[in-house]
């Protein structure tokens, strides 16, 4: 065998030579690669192998290589035990002596039990910094930020995962994520291998910041096993605090503005540059940057020592120009776009499902009786349930429930009427204003909401002033001077609505503040616009300027350009919908509509002069009506068969939300009249279950029958319940990709069978099981005009398949059934075969990807010999073989109606293909037989090049 050498010098195995000899023979290798001598000296002293005098001798050496040589001399002079311990140190302190890992593995060093019993103290700067970061993040992530500062809620006690979905570049679903650890998994959901950034998006309040806080906690406590040694967490809004002229190098950004190493920062930074893959960065809230930052057009800065503006450093970290290989997690609200070349994967947070909500109730209220009371009240009020699908709003409502329990002697009662988001925020404001009052052991606080808000008017005005000043500039962090200028007192700060930041501002010498959540800042901004009678019409309506037709909205921007990057605005094409990235304005408009609604006048007339209130209400309603009319007229329209279809944008969802906050039937009627179409398409609008309340509020005024397409949103079962007022008008209902379970299908069954007018029902890619399939069967049986049924990619097995097939068999109207991606198997296929036999109307059937094998396939083929209606049959991705191909060939000799037969990705060979091709000689009706992905070799497929109806590749 050829002898293998070492790059430095020949290695003498330790098992055949004393440890002293091993050190002597590899002396220059050790001198070259040992850079940290202090850690060695510390441990040799700790275990009494070195004396103080030995340590002084080492320290007196002028250069690092000299120190290493002196240590080696001293160690070897002290004998075999010390030499073995020296090697043990190199093995145990892996970060400090990372370059020696291959050598230690190659020599097969294995310490004795005596050596392993010795204490090793890790004073290596890199390891110390890792521990320092763990302590820092552990402290910051232990408690959840809470409204009331005197309360501290443990993250471990209240955190709960939400629905996490992997999505593609266009937000199409790629499947669910089951745990936070999967976020950093390098094998699932990868969109771009070259991308550096994992992008987490979701609506305000859906839990993006909490998710990052949970990740911090897991890493700090050693429960996130992802090979991460450095964890840097930044909130993007803090980058807005830097001045235009500020310049930092990467080391200063990480150390001076996050966590400074206790020892040898240069060595720590050098390790980070050399091994960037051991670092994890999280950047929370890209949408909260006070800049029209176009990440794809920021100047490159690939040198870690070159000073640059912090925003340039941020952009280059995300792109991988700086610290390429480090993991980066970036969060933003839905609507923010990040250049595709930056993205490694995208994750969409969808909030709480009904099962999440029940689990969260158990977490927040351990007492079973209390859980049952809360859940029964929520079930009785689907409007509240819908609000609770957003974790932040759920938490607020649950906190109010706790308050009612304490305030009303253990008999908590949530409101049983319709609640808007404005109601929720008014409620939490009232709760916390009351909690600041002195408590009495003998008398409950019985102040009315009017009295509570009147007593806290000055505090509300001061909070509103701070919020409004920030909102005008899209700023979310405030200096101490700005807070003091508003007149806020120390007792006001105890409410917890405005809180001190854990980190100091960029100057490092003054405290900064922020609102508990962006939605809270929007609420107090709206409150300020209502309370301050000096606010004129233009200022009142400022944030509505985005309610313009898409073509007009793209011409201006509320954001001042970020001066260092004039190219960020550029002269390129205008944005399609500038408003989509500015939810903080949208929430302000929403709360303004709620506060100025007729229902809130009794509450506000003691806070605002009557004349000012009338003036503001009049101005708001006039603007709301005209904006709504103009926007609806501008929406793109298209004629689809007998429908006049209008394609609405996400801005329309915000308009509906604002209309719902008014609770004005007049406004709802106006909106319904303005739609001027009988097919409303709201796909990919990121609508949640609470939005169904707003949609129903408008659509129940629609005078005619309507087609409604809500595919690819986030409605879940609560959203289906909220749509109940609309069902009497809906002929087309598309709810695919919406997290709907059997409970939601039950509601559909009950409601749609009341009116029996539905012709199209789309429920593709939900969470429907055999139980839900039976509810769909009822719809098929009783809705005699139903022509299209889409149930693909659910969880329906042969049992549910049999029920559905029987209903299809009995239907005289059904023309298209989609069952792709279920698991009906051979038994289900046989049932559908019976349905096909002599069916009068079914033209399209998809049983693709259903686990169908020989028996099921042959049954379908035999049935089609007695069918003259079916034109399209999809059997892609099953387990069909040549036996099935033979049966299908026999069928084709008889059936002249079938036009498209898809057998892609099955187990058919050249033999089965030949039989199908022969059958075409006597069939003039079929236009294609697709056999791509079967067991057919390219040379075998060449035989059929002239037969264009056989498609093999």
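For all residues, glycine too, the Cβ spot is worked out from N, Cα and C.
Taken verbatim from Swiss-Prot:
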{"type": "BINDING", "residues": "202, 203, 204, 205, 206, 207, 208, 209", "note": "ATP binding site"}
{"type": "DOMAIN", "residues": "15-105", "note": "domain 'CARD'"}
{"type": "DOMAIN", "residues": "196-531", "note": "domain 'NACHT'"}
{"type": "LIPID", "residues": "558", "note": "S-palmitoyl cysteine"}
{"type": "LIPID", "residues": "567", "note": "S-palmitoyl cysteine"}
{"type": "LIPID", "residues": "952", "note": "S-palmitoyl cysteine"}
{"type": "REPEAT", "residues": "632-656", "note": "repeat 'LRR 1'"}
{"type": "REPEAT", "residues": "702-725", "note": "repeat 'LRR 2'"}
{"type": "REPEAT", "residues": "727-750", "note": "repeat 'LRR 3'"}
{"type": "REPEAT", "residues": "755-778", "note": "repeat 'LRR 4'"}
{"type": "REPEAT", "residues": "783-806", "note": "repeat 'LRR 5'"}
{"type": "REPEAT", "residues": "839-862", "note": "repeat 'LRR 6'"}
{"type": "REPEAT", "residues": "867-891", "note": "repeat 'LRR 7'"}
{"type": "REPEAT", "residues": "895-918", "note": "repeat 'LRR 8'"}
{"type": "REPEAT", "residues": "923-946", "note": "repeat 'LRR 9'"}
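Annotated features, which come from Swiss-Prot, shown on the structure.
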{"residue": "202", "record": "ATP binding site", "Cβ neighbours (10 Å)": "26"}
{"residue": "203", "record": "ATP binding site", "Cβ neighbours (10 Å)": "22"}
{"residue": "204", "record": "ATP binding site", "Cβ neighbours (10 Å)": "20"}
{"residue": "205", "record": "ATP binding site", "Cβ neighbours (10 Å)": "25"}
{"residue": "206", "record": "ATP binding site", "Cβ neighbours (10 Å)": "28"}
{"residue": "207", "record": "ATP binding site", "Cβ neighbours (10 Å)": "28"}
{"residue": "208", "record": "ATP binding site", "Cβ neighbours (10 Å)": "24"}
{"residue": "209", "record": "ATP binding site", "Cβ neighbours (10 Å)": "18"}
{"residue": "952", "record": "S-palmitoyl cysteine", "Cβ neighbours (10 Å)": "22"}
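DSSP classifies residue 209 (ATP binding site) as helix under the three-state reduction. Beyond its flanks by at least six residues, the repeat 'LRR 3' (727-750) meets 163, 173, 350, 353-354, 643, 679, 699-700, 702, 704-717, 719-721, 757-769, 771-772, 775-776, 778-779, 790 of its own chain at Cβ-Cβ distances under 8 Å. Remote same-chain partners of the repeat 'LRR 2' (702-725), defined as residues 6 or more beyond its termini with a Cβ less than 8 Å from a stretch Cβ, comprise 163, 171-173, 350-351, 353-354, 382-383, 385-386, 388-389, 643, 645, 672-673, 675, 678-693, 695-696, 731-741, 743-744, 747-748, 751, 757, 760, 762, 764. Under DSSP, residue 202 (ATP binding site) is assigned to a strand (E or B) in the three-state scheme.
Panel annotation: around the repeat 'LRR 8' (895-918), residues 848, 864-865, 867-882, 884-886, 888-889, 924-937, 940-941, 943-944, 947, 950, 952 of the same chain, lying at least six beyond its termini, place a Cβ under 8 Å from a Cβ of the stretch. When the Cα atoms are compared, residue 208 (ATP binding site) and residue 952 (S-palmitoyl cysteine) turn out to be 47 Å apart. Here the repeat 'LRR 6' (839-862) has, by DSSP, the following mix of helix, strand and coil residues: 9 helix, 3 strand, 12 coil.
Residue 205 (ATP binding site) sits 50 Å from residue 952 (S-palmitoyl cysteine), taking the Cα positions as reference. Taking the centre of the Cβ atoms of 202, 203, 204, 205, 206, 207, 208, 209 as the ATP site, the nearby residues of that chain (Cβ within 8 Å, site residues left out) are 333, 349, 351, 390, 391, 392.
Per-class residue totals from DSSP over the repeat 'LRR 8' (895-918), listed helix then strand then coil: 9 helix, 4 strand, 11 coil.
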